[in-house]
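Data block below; observations after.
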Amino acid sequence: MAEKFCLSNPNLTDEDHLYHIALSTSDNLPQRFGDVKYVCMGGKERRMQKFAELLYDTLGKPKNSELTEQPTPGHRLKNISQSGGRYCFYKVGPVAIVNHGIGNPSLSVVLNEMLKLIHHAGCTDVSFFRIGTSGGLGMKPGTVIITKQAYNGLLENCYRQVICGKEIRYPADTNPQLAEDLLKCAKDFKIEAIAGNTMGTNDFFEEQARLDGAFCEFSRQEKSDFLKRAHDEFGIRNFEMESCCFSGLCARANLKCAIVCTTVVNRLERDDVTADKSLLEEWEFYPQQLVAEYIKRSC
Ligand code: R2B
């Protein structure tokens, strides 16, 4: 029998409150969530709601889903964390779907609580996925990047966390087998995708060498030197703001993870996104399609 996922924190007890996702250990977590095998996270609430609905159809309307009492077209699933007012959370068969907002701090809060949820629920063999959009580096917009290693804004392959006034570094790598399986799904769907390294920053503007934020005191030359170095020396193929925390905390919990992000701009050419709404929607859909297909094939 597969071993139940267990966090190593000795301070966790049978009574726990997961404030930000509005659940606690008195909410029948093993009965409701003990079958979860996949946790899918992404920034926007609306995108994750749509992804949950897509999964509901892709997996053939699994019985062990949490449904809303008053369904409307495209809104059949219950937002389990609605009363918390911070994040959305849907359950579709063996999949938990959650949004994480922007950046490592927002992600860290909900990821801690999702890890505690699968611990209290006694889940087995859980994999974590992050889907989203990103700025590409030398990639044709619309290309999907499946992250191999995450690098922070200092070009270090780690997640730096401050604990009791000290900085600790955790490895920030993803699972190679998951990446390979997702690339295979992309090939079958004829979606352009590559495995590459990702830079996860704590800022959208200057830390990603954008010239168009509220502030900019570096030159165009400094910008292009930095981007070229990231591309050529570190194999960075896209920028986003969560990969270090996501891969760092999953690895720390001994869980497999994958990060699948579409690129919406080539940062070697420009800073702003010029694609129209319908093209952006099409590109944003690729990671959802790939992860939904992966889950369908493997569950
Ligand atoms: C990609 O897009 C967001 C910033 O616009 C951020 O969450 C990210 O990683």
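Each Cβ is built from the backbone N, Cα and C atoms, and glycine gets one as well.
According to TrEMBL, the feature phosphate binding site maps to R86, R130, I131, G132, T133. According to TrEMBL, the feature substrate binding site maps to Q208, R210. Annotated domain 'Nucleoside phosphorylase' per TrEMBL: 38-270, in sequence order.
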Which of R86, I131, T133, all binding-site residues, has a Cβ with the fewest other Cβ atoms inside 10 Å: R86
For R210 (substrate binding site): intrachain residues, at least 6 apart, with Cβ closer than 8 Å: F204, C216, D271
Cβ neighbour count (within 10 Å, all chains shown) around Q208 (substrate binding site): 24
C-alpha spacing of Q208 (substrate binding site) relative to T133 (phosphate binding site), in angstrom: 14
DSSP-derived class (H/G/I helix, E/B strand, else coil) of R130 (phosphate binding site): strand
Longest CA-CA distance among R86, R130, I131, G132, T133, per record bound to phosphate, angstrom: 21
Mean of the pLDDT scores, which run from 0 to 100, over the domain 'Nucleoside phosphorylase' (38-270): 98
R130, G132 as binding-site residues, winner by CB count within 10 A: R130
Rounded Cα-Cα span from Q208 (substrate binding site) to G132 (phosphate binding site), Å: 17
Q208 (substrate binding site): secondary structure state under DSSP, collapsed to three categories: helix
